[in-house]
Amino acid sequence: MTTTPPTDRPSETTYSARGSNYVLRKFFVGEGGVDANPEAEQWNRAVDHGFHGPEPTREATGHILDSMRNSGVRLRAAYTADPVPTAALGADRPVATFCSWDSELTVCPGVGIPAWLISEVTVRPTHARRGLLRRLMTDDLTEAHERGFPVAALTASEATIYGRFGFGAGTFNTEITVDAHTRLQLKAPTVGTVEMADNEAVARLAPEIFARFHEGTAGSVTRQDKWWGLVSGAWDWHAGKADPEIRTAVHYDDAGRADGYVSYKFLPTQGFEGALKVVDLVSPSWQGRIALWEYLCNLDLVTEVRYGSAPMEDPLMWGMVDMSKYTVRKRFERVWLRVLDPVAALSARRYTSHRRITVSIVDSMGFADGLYEIDTTGAETRVERVGDRPRTQDDLAGKSMPAVELPEGADVALNVDSLGSLYLGAVKASTLYHGGLLKVRDEDALRDIQALMSTPTDPYCISPF
């Protein structure tokens with residue numbers, strides 16, 4: 001599956017809404033660091049402001065700009081074109097920010113597709129409800145669609161924002177705590193060995209180990225280079241500084257090959273005791289991950305281990321003698337998926353059921369809208385767009401999330417955001433049906449779509465972006 005080369009030229013256009021006038025720009029970080037990229041520096045300050053962060057230091061800004069340049073990040077921004085009142089932020093500071101870059105999404109072990117990742121979406125509150133987000137999103141997704149990307153993806157700080165743009169929750173994680181007052185007791189022995197490691201050496205090992213995890217894990221997205229500084233403590237992009245408290249350990253398989261690592265820090269709670277916070281824990285095998293957990297929970301003076309990227313169904317919990325020591329603190333959506341090309345996206349998936357169904361996809365932005373036939377009865381999967389979807393009253397009214405109706409000739413109908421949730425197996429088709437988000441011709445059609453879209457494991461992503 002190929003995409004067209006990026007259009008890496010800056011662009012500029014104008015936009016007006018509710019009596020306010022704006023200039024919209026797309027640009028890139030060039031060479032020369034902070035001094036040579038004042039537009040990107042102001043963009044970064046606007047992002048930190050939008051997420052209520054502190055003013056970034058020059059050093060922190062330099063790290064961020066270097067990372068964005070290395071990853072080919074497309075920066076978009078909206079600037080006021082109206083006079084700026086006394087003492088207000090200057091016209092060179094964006095009132096809305098947005099960025100995206102090329103990545104890869106693993107759809108099943110060994111199979112990845114191009115993915116258009118979106119991040120750093122902010123709108124200054126004093127310029128809200130003027131359609132700035134919709135305009136930036138539309139421009140960006142249009143470019144992604146024109147370049148042939150099957151899917152776009154983002155992580156959301158507010159879950160209610162992105163459904164109207166066709167994004168559905170595609171992977172989930174949990175925040176967990178494992179009680180470590182007593183040594184971790186497992187029902188089965190772990191394999192391999194774990195050793196404390198040199199942070200810089202782990203930073204060199206980490207990209208290859210993560211690549212193996214990514215290739216074998218549905219729901220994973222590729223990482224930017226800035227991750228390896230976070231893993232080693234050389235640079236924490238969240239805090240905008242190095243973190244000397246980071247410690248690391250490496251798991252080795254029975255042949256002595258490094259096949260997993262964990263990055264963590266100690267959080268004192270009372271006296272000499274404290275909790276461990278897992279920064280990153282990666283291995284392509286569950287055996288390696290569980291062995292790293294055994295190492296963490298058996299360290300002296302550690303009362304509990306906290307991890308913010310555990311899977312929904314965790315083999316660690318099921319492997320513990322006392323699973324009551326495993327506590328889920330929070331469940332949340334990690335990756336929100338937006339299907340742009342149903343033929344390319346659905347053709348890339350693996351299917352364990354032989355079915356032929358016609359699906360009506362509702363997409364108010366137009367990218368995925370239409371009738372599609374999915375046929376897995378032959379030697380190879382065949383997905384084909386077979387026609388337009390009949391217009392409904394909601395379509396004619398221009399609603400951003402039209403009601404789903406089942407047209408004649410279709411077996412199943414759903415909105416494109418629901419397709420994003422169904423695509424990797426984050427939810428069952430029957431669950432969407434009972435929630436009123438999926439229309440079916442009859443019970444046979446429900447069984448067909450359920451069997452067709454089922455996956456052997458839940459999708460899993462450990463790389464927030």
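Cβ atoms here come from the backbone N, Cα and C positions, even for glycine.
TrEMBL: automatically predicted annotations, no manual curation.
Annotated features in TrEMBL:
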- V121, T122, V123, R129, R130, G131, L132, L133, R134, S157, E158: acetyl-CoA binding site (BINDING)
- Y162: active site, proton donor (ACT_SITE)
- 219-330: domain 'Eis-like acetyltransferase' (DOMAIN)
- 344-461: domain 'Enhanced intracellular survival protein' (DOMAIN)
- F465: active site, proton acceptor (ACT_SITE)
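Cα of L132 (acetyl-CoA binding site) to Cα of Y162 (active site, proton donor): a distance of 14 Å.
When pLDDT is averaged over the domain 'Eis-like acetyltransferase' (219-330), the result is 96.
For Y162 (active site, proton donor), the nearest of the recorded positions by C-alpha distance turns out to be V121; the candidates were V121, V123, F465. With helix defined as DSSP H, G or I and strand as E or B, the domain 'Eis-like acetyltransferase' (219-330) counts 27 helix, 47 strand, 38 coil.
For F465 (active site, proton acceptor), the Cβ neighbour count at a 10 Å cut-off comes to 19, with all displayed protein chains included. Considering only the binding-site residues V123, R130, E158, F465 (active site, proton acceptor) has E158 as its nearest partner by CA-CA distance. The Cβ neighbour count for L132 (acetyl-CoA binding site), using a 10 Å radius over every protein chain in view, is 25. One residue stands out among the binding-site residues V121, V123 for having the most other Cβ atoms within 10 Å of its Cβ: V121. DSSP gives V123 (acetyl-CoA binding site) a strand state. Within its own chain, R134 (acetyl-CoA binding site) has F165 as residues 6 or more apart in sequence whose C-beta sits under 8 angstroms from its own. Sparsest Cβ environment among the recorded positions R130, Y162 (other Cβ atoms counted within 10 Å): R130.
The number of other CB atoms found within 10 A of the CB of E158 (acetyl-CoA binding site), across every protein chain shown, is 7.
Taken residue by residue with DSSP, E158 (acetyl-CoA binding site) is part of neither helix nor strand, so it is coil. Taken residue by residue with DSSP, L132 (acetyl-CoA binding site) is part of a helix.
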